[in-house]
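One structure is given here, and the rest of the page talks about it.
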């Protein structure tokens, strides 16, 4: 029982003694900056004596002295005696170590050890991590327009630790990749390329390289302007389809753009030389006075270091100038015509609606008496009595004609009353309607004609001849 208890006691004592050395478990520093490795041994008892302070670095499984301090001796720095490593305070209780400027080779595990009496050596372990701020750059690559996907821009985050992360922001179609290279000092260089099919439209477009890394407070954005080389793109301006004989100062201009800029312009015709009336002024072709010799096709050639482009313009020479109507005048005329048409249509609709509202209603009944004498809607006609008219004569029957009870007179003929009664019955079945008496039979006596009837405004019909009932 005594041996196990003794082992536990010495183990606990070792833990307590180890904890007396005050160190930071991990320290982070940046290349070129200063790192402070803290190591303190507080005096808890006057019986404990410190005889030596030593800093060691684990390298390849072995420990190598970095800094040593002995009383009555100057501090010694076996690993680097250039002054880059030093003690913060030369003391047997404070062994804090300063390293400045930091190098990537300083990264590693460090042991701070105090030689004490009577307890022996007491130590603490600190891990030093070195971070390196990368150097970030981005640039475009000069490429020639083509049909193959190639790198058009490159972005590099060099000599950083830990490695950087790179991405691209672009509105152009493309992709990107990245590669890493570990340098001899432990830093890492990351390179990313933006790949796409180079087109003339992509020239002068901007994309952005975005770099993120632990040492950066925020991602770093680097804009890149693409450079795509392409042959000239050419157009001919100045022809208005109104070149006529004797027109003066007619001109064609060859407009071109390219990367690099066009350096040479030339003019020709399909037949070879230009007409004698034509003057070439660089990218311009000037005709002082148009004649029939200008009635041809002109060819403009534009050249840069990538290639040559040609474009044609056919000129038609007219005998007389063509009258051109201003497009603005045509538009104004169309607007005025449309407004007038709408106004006319609106007036027509208004007139029809007003006439429909103000038309007087048709008044009057449709019975025979009302049609003859009126319905009171209009003033009654003047009736004048004529003495000795046929109306004063007694009615006489015509011998040998007609059925019993039938009579004839100046206003009837045999069978007339029966026919009128039948007609009246038919009209009653149909409904009230205005009608005129049928013309009398040929040879039959007639007391009045259709001309004796007069149509009124209210729809009634009256007789011009007075009738007494």
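In case you wondered, yes, glycine gets a Cβ from its N, Cα and C as well.
Keep in mind it's a predicted model, so treat the numbers as computed, not measured.
Positions annotated as compositional bias 'Acidic residues' by TrEMBL: 419-428.
The domain 'Ig-like' annotation in TrEMBL covers 4-129 (among others). For the domain 'Ig-like' (4-129), DSSP puts the residue distribution at 19 helix, 59 strand, 48 coil.
Residue counts for the domain 'Ig-like' (134-225) under DSSP, split into helix (H, G, I), strand (E, B) and coil, are 3 helix, 55 strand, 34 coil. As annotated by TrEMBL, domain 'Ig-like' applies to 134-225 (among others).
Summarising the annotation, TrEMBL assigns domain 'Ig-like' to 232-316 (among others).
For 373-469, the entry in TrEMBL reads region 'Disordered'.
Under the heading signal peptide, TrEMBL lists 1-18.
Here TrEMBL flags 328-353 as transmembrane segment.
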**Prompt:** So, by DSSP, how many helix, strand and coil residues make up the domain 'Ig-like' (232-316)?
**Reply:** 3 helix, 51 strand, 31 coil
